[in-house]
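The domain 'Nucleoside phosphorylase' annotation in TrEMBL covers 17-240. Sequence annotations record features per position, and here TrEMBL assigns phosphate binding site to R30, R74, I75, G76, T77. Residues or ranges marked as substrate binding site in TrEMBL: Q153, R155.
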Amino acid sequence: MEAFTKYMAKELGLDHPGAEYPNICVGTDRYVMFKVGPVLSVSHGIGIPSTSVMLHELIKLLYHARCSDVTVIRIGTSGGIGLEPGSVVVTRQAVDASFKPVFEQMVLGKRVVHRTHLDERLAQELMQCGADLREFPTVLGNTMCTSDFYEGQGRLDGALCSYSEKDKQEYLEAAHAAGIRNIEMESSVLAAMCGACGLQVAVVCVTLLNRLEGDQVNSPHEVLVEYQERPQRLVGHFIKKRLAAAGNPRDL
(Lines of atoms letter the chains of each structure in order from A; the text may use other names.)
(Lines give C-alpha, C1' and ligand atoms only; values in the text may rest on other atoms or scores of the structure.)
Protein backbone atom coordinates (compact mmCIF):
# COMPACT_ATOMS: atom_id res chain seq x y z
CA MET A 1 0.00 0.00 0.00
CA GLU A 2 2.89 2.34 0.65
CA ALA A 3 4.34 1.43 -2.75
CA PHE A 4 0.98 2.19 -4.41
CA THR A 5 0.86 5.54 -2.60
CA LYS A 6 4.30 6.47 -3.90
CA TYR A 7 3.32 5.31 -7.38
CA MET A 8 0.18 7.46 -7.34
CA ALA A 9 2.13 10.46 -6.04
CA LYS A 10 4.31 10.28 -9.14
CA GLU A 11 1.38 9.65 -11.47
CA LEU A 12 -0.55 12.62 -10.07
CA GLY A 13 2.46 14.94 -10.08
CA LEU A 14 2.41 15.25 -6.29
CA ASP A 15 5.79 13.66 -5.58
CA HIS A 16 8.82 15.76 -4.71
CA PRO A 17 12.32 15.15 -3.31
CA GLY A 18 12.18 14.12 0.33
CA ALA A 19 8.42 13.50 0.26
CA GLU A 20 7.18 11.22 3.01
CA TYR A 21 3.90 9.38 3.24
CA PRO A 22 3.30 8.44 6.87
CA ASN A 23 1.04 5.62 7.97
CA ILE A 24 -2.10 7.40 9.19
CA CYS A 25 -3.03 4.33 11.27
CA VAL A 26 0.33 3.89 12.98
CA GLY A 27 -1.48 3.47 16.30
CA THR A 28 -2.95 0.11 15.28
CA ASP A 29 -1.47 -3.07 13.82
CA ARG A 30 -4.74 -4.12 12.14
CA TYR A 31 -3.98 -2.32 8.89
CA VAL A 32 -1.99 0.54 7.40
CA MET A 33 -3.38 3.61 5.66
CA PHE A 34 -1.67 6.16 3.44
CA LYS A 35 -3.01 9.24 1.65
CA VAL A 36 -1.83 11.16 -1.38
CA GLY A 37 -4.11 13.74 -2.98
CA PRO A 38 -7.64 12.28 -3.08
CA VAL A 39 -6.38 8.68 -2.88
CA LEU A 40 -6.49 6.56 0.29
CA SER A 41 -4.42 3.38 0.17
CA VAL A 42 -5.38 0.85 2.87
CA SER A 43 -4.28 -2.73 3.56
CA HIS A 44 -6.85 -5.34 4.58
CA GLY A 45 -4.91 -8.44 5.59
CA ILE A 46 -5.82 -11.93 4.39
CA GLY A 47 -9.40 -13.10 4.22
CA ILE A 48 -12.92 -11.98 5.05
CA PRO A 49 -12.54 -11.34 8.83
CA SER A 50 -9.70 -8.83 8.63
CA THR A 51 -11.22 -7.20 5.55
CA SER A 52 -14.53 -6.79 7.38
CA VAL A 53 -12.84 -5.09 10.35
CA MET A 54 -11.04 -2.66 8.05
CA LEU A 55 -14.19 -1.88 6.05
CA HIS A 56 -16.32 -1.15 9.12
CA GLU A 57 -13.75 1.33 10.38
CA LEU A 58 -12.93 2.82 6.99
CA ILE A 59 -16.58 3.40 6.10
CA LYS A 60 -17.18 5.12 9.45
CA LEU A 61 -14.12 7.30 8.82
CA LEU A 62 -15.35 8.28 5.36
CA TYR A 63 -18.77 9.13 6.79
CA HIS A 64 -17.45 11.35 9.57
CA ALA A 65 -15.02 13.01 7.15
CA ARG A 66 -18.05 13.81 4.95
CA CYS A 67 -16.43 12.27 1.89
CA SER A 68 -18.57 12.07 -1.24
CA ASP A 69 -18.38 10.28 -4.59
CA VAL A 70 -16.30 7.53 -2.98
CA THR A 71 -15.05 4.67 -5.15
CA VAL A 72 -13.56 1.58 -3.49
CA ILE A 73 -11.26 -0.72 -5.48
CA ARG A 74 -9.46 -3.77 -4.15
CA ILE A 75 -6.15 -4.47 -5.88
CA GLY A 76 -4.21 -7.64 -5.21
CA THR A 77 -3.27 -11.14 -6.29
CA SER A 78 -5.27 -14.27 -6.99
CA GLY A 79 -5.18 -17.73 -8.47
CA GLY A 80 -6.38 -17.86 -12.06
CA ILE A 81 -8.68 -20.47 -13.57
CA GLY A 82 -7.94 -21.04 -17.24
CA LEU A 83 -5.83 -17.89 -17.52
CA GLU A 84 -2.14 -17.38 -18.04
CA PRO A 85 -0.17 -16.06 -15.04
CA GLY A 86 0.00 -12.29 -15.12
CA SER A 87 -3.54 -11.83 -16.44
CA VAL A 88 -5.53 -9.10 -14.69
CA VAL A 89 -9.13 -9.96 -13.77
CA VAL A 90 -11.74 -7.25 -13.30
CA THR A 91 -14.49 -8.91 -11.29
CA ARG A 92 -17.96 -9.00 -12.81
CA GLN A 93 -19.52 -10.73 -9.80
CA ALA A 94 -18.16 -12.10 -6.53
CA VAL A 95 -19.39 -15.63 -5.84
CA ASP A 96 -18.97 -18.11 -2.99
CA ALA A 97 -17.49 -21.62 -3.16
CA SER A 98 -20.85 -22.91 -4.44
CA PHE A 99 -20.68 -20.38 -7.31
CA LYS A 100 -23.54 -18.32 -5.84
CA PRO A 101 -23.39 -14.47 -5.76
CA VAL A 102 -23.91 -14.24 -2.00
CA PHE A 103 -22.03 -13.53 1.20
CA GLU A 104 -23.25 -15.38 4.29
CA GLN A 105 -22.55 -14.48 7.90
CA MET A 106 -23.94 -15.32 11.32
CA VAL A 107 -25.50 -12.36 13.15
CA LEU A 108 -26.90 -12.94 16.66
CA GLY A 109 -26.96 -16.65 15.96
CA LYS A 110 -28.91 -16.27 12.73
CA ARG A 111 -27.73 -16.86 9.17
CA VAL A 112 -27.83 -13.65 7.15
CA VAL A 113 -27.33 -13.65 3.39
CA HIS A 114 -26.10 -10.56 1.51
CA ARG A 115 -25.93 -10.05 -2.24
CA THR A 116 -22.50 -9.49 -3.77
CA HIS A 117 -23.19 -7.38 -6.82
CA LEU A 118 -20.41 -5.12 -8.06
CA ASP A 119 -20.78 -1.90 -10.04
CA GLU A 120 -21.10 -2.94 -13.70
CA ARG A 121 -20.33 0.50 -15.12
CA LEU A 122 -17.22 0.77 -12.96
CA ALA A 123 -16.05 -2.66 -14.13
CA GLN A 124 -16.47 -1.57 -17.76
CA GLU A 125 -14.49 1.62 -17.08
CA LEU A 126 -11.67 -0.48 -15.65
CA MET A 127 -11.79 -2.82 -18.65
CA GLN A 128 -11.45 0.21 -20.92
CA CYS A 129 -8.39 1.27 -18.93
CA GLY A 130 -6.87 -2.12 -19.61
CA ALA A 131 -7.56 -1.61 -23.31
CA ASP A 132 -6.01 1.87 -23.14
CA LEU A 133 -2.80 0.52 -21.62
CA ARG A 134 -2.48 -2.59 -23.81
CA GLU A 135 0.31 -3.81 -21.52
CA PHE A 136 -1.13 -7.12 -20.24
CA PRO A 137 -4.21 -9.33 -20.69
CA THR A 138 -7.25 -7.86 -18.91
CA VAL A 139 -10.29 -10.08 -18.47
CA LEU A 140 -13.82 -9.51 -17.13
CA GLY A 141 -15.00 -12.53 -15.15
CA ASN A 142 -16.50 -13.83 -11.95
CA THR A 143 -14.31 -14.14 -8.86
CA MET A 144 -14.73 -16.94 -6.32
CA CYS A 145 -14.18 -15.81 -2.74
CA THR A 146 -13.29 -18.53 -0.23
CA SER A 147 -12.70 -18.59 3.52
CA ASP A 148 -9.65 -20.86 3.27
CA PHE A 149 -6.48 -20.91 1.17
CA TYR A 150 -5.98 -24.68 1.03
CA GLU A 151 -8.95 -27.08 1.05
CA GLY A 152 -11.36 -24.20 0.47
CA GLN A 153 -9.62 -23.55 -2.85
CA GLY A 154 -9.12 -27.18 -3.80
CA ARG A 155 -5.39 -27.31 -3.12
CA LEU A 156 -3.58 -30.61 -2.72
CA ASP A 157 -0.53 -29.26 -0.88
CA GLY A 158 -1.92 -28.30 2.54
CA ALA A 159 -1.50 -30.20 5.82
CA LEU A 160 -4.91 -31.81 5.23
CA CYS A 161 -6.59 -32.91 2.00
CA SER A 162 -9.88 -34.83 1.96
CA TYR A 163 -10.26 -35.28 -1.81
CA SER A 164 -8.39 -36.60 -4.86
CA GLU A 165 -6.67 -34.75 -7.67
CA LYS A 166 -9.52 -35.86 -9.93
CA ASP A 167 -12.05 -34.30 -7.53
CA LYS A 168 -10.07 -31.07 -7.54
CA GLN A 169 -9.87 -30.88 -11.32
CA GLU A 170 -13.59 -31.52 -11.73
CA TYR A 171 -14.39 -28.76 -9.23
CA LEU A 172 -12.12 -26.18 -10.86
CA GLU A 173 -13.41 -27.07 -14.33
CA ALA A 174 -16.98 -26.60 -13.06
CA ALA A 175 -15.95 -23.21 -11.66
CA HIS A 176 -14.51 -22.22 -15.02
CA ALA A 177 -17.70 -23.33 -16.77
CA ALA A 178 -19.63 -21.08 -14.34
CA GLY A 179 -17.68 -18.06 -15.57
CA ILE A 180 -15.20 -17.94 -12.67
CA ARG A 181 -11.78 -16.75 -13.77
CA ASN A 182 -9.96 -16.35 -10.45
CA ILE A 183 -10.01 -17.22 -6.75
CA GLU A 184 -9.22 -15.00 -3.77
CA MET A 185 -10.46 -14.42 -0.21
CA GLU A 186 -11.92 -10.91 0.14
CA SER A 187 -14.20 -9.92 -2.75
CA SER A 188 -17.54 -11.12 -1.33
CA VAL A 189 -17.43 -9.13 1.91
CA LEU A 190 -16.15 -6.10 0.00
CA ALA A 191 -19.05 -6.30 -2.46
CA ALA A 192 -21.63 -6.92 0.28
CA MET A 193 -20.56 -4.17 2.66
CA CYS A 194 -19.84 -1.48 0.08
CA GLY A 195 -23.06 -2.31 -1.74
CA ALA A 196 -25.06 -2.00 1.49
CA CYS A 197 -23.49 1.42 2.09
CA GLY A 198 -24.09 2.68 -1.44
CA LEU A 199 -20.40 2.84 -2.40
CA GLN A 200 -19.11 2.15 -5.90
CA VAL A 201 -16.87 -0.90 -5.62
CA ALA A 202 -14.67 -3.00 -7.87
CA VAL A 203 -12.07 -5.77 -7.58
CA VAL A 204 -8.93 -5.89 -9.75
CA CYS A 205 -6.56 -8.79 -9.16
CA VAL A 206 -3.66 -10.27 -11.08
CA THR A 207 -3.36 -14.05 -11.42
CA LEU A 208 -0.10 -15.58 -10.19
CA LEU A 209 -0.77 -19.05 -11.63
CA ASN A 210 -3.31 -21.12 -13.55
CA ARG A 211 -4.95 -23.38 -10.96
CA LEU A 212 -5.98 -25.85 -13.68
CA GLU A 213 -2.27 -26.62 -14.06
CA GLY A 214 -1.13 -26.77 -10.43
CA ASP A 215 -1.16 -25.37 -6.90
CA GLN A 216 2.31 -23.83 -6.61
CA VAL A 217 3.47 -20.43 -7.82
CA ASN A 218 6.63 -21.15 -9.81
CA SER A 219 7.40 -17.83 -11.50
CA PRO A 220 10.69 -16.12 -10.52
CA HIS A 221 10.53 -13.42 -7.84
CA GLU A 222 11.23 -10.57 -10.24
CA VAL A 223 8.40 -11.75 -12.50
CA LEU A 224 5.98 -11.90 -9.57
CA VAL A 225 6.96 -8.37 -8.54
CA GLU A 226 6.07 -7.11 -12.01
CA TYR A 227 2.81 -9.08 -12.00
CA GLN A 228 1.79 -7.46 -8.71
CA GLU A 229 2.37 -4.02 -10.19
CA ARG A 230 -0.14 -4.60 -12.99
CA PRO A 231 -3.33 -3.90 -10.98
CA GLN A 232 -1.62 -0.78 -9.64
CA ARG A 233 -0.92 0.48 -13.15
CA LEU A 234 -4.45 -0.24 -14.34
CA VAL A 235 -6.12 1.40 -11.33
CA GLY A 236 -3.66 4.28 -11.44
CA HIS A 237 -4.69 4.93 -15.04
CA PHE A 238 -8.34 4.76 -14.00
CA ILE A 239 -7.81 7.29 -11.19
CA LYS A 240 -6.07 9.73 -13.53
CA LYS A 241 -8.91 9.45 -16.06
CA ARG A 242 -11.55 10.00 -13.39
CA LEU A 243 -9.74 13.03 -11.97
CA ALA A 244 -9.22 14.51 -15.44
CA ALA A 245 -12.95 14.13 -16.15
CA ALA A 246 -13.70 15.90 -12.84
CA GLY A 247 -11.39 18.81 -13.56
CA ASN A 248 -8.36 17.14 -11.89
CA PRO A 249 -8.99 18.00 -8.19
CA ARG A 250 -5.82 16.13 -7.24
CA ASP A 251 -5.00 18.18 -4.17
CA LEU A 252 -8.04 17.15 -2.11
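Every residue gets a Cβ built from N, Cα and C, even glycine.
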If you count CB neighbours within 10 Å, which one among the binding-site residues R30, R155 has the smallest count?
R30
Using a 10 Å radius around each Cβ and counting other Cβ atoms from all shown chains, which of the binding-site residues T77, Q153 yields the largest count?
Q153
Near the Cβ of G76 (phosphate binding site), how many other Cβ atoms are there if near means within 10 Å?
17
Which chain-mates of I75 (phosphate binding site) that are at least 6 residues away have a CB under 8 A from its CB, listed by sequence?
F4, V204, C205, P231, Q232, V235
What is the pLDDT of the domain 'Nucleoside phosphorylase' (17-240) when averaged and given as a whole number?
96
Do any residues at least six apart in sequence from R74 (phosphate binding site), in the same chain, have a Cβ closer than 8 Å to its Cβ, and if so which, in order?
H44, E186, S187, L190, V201, A202, V203, V204, C205
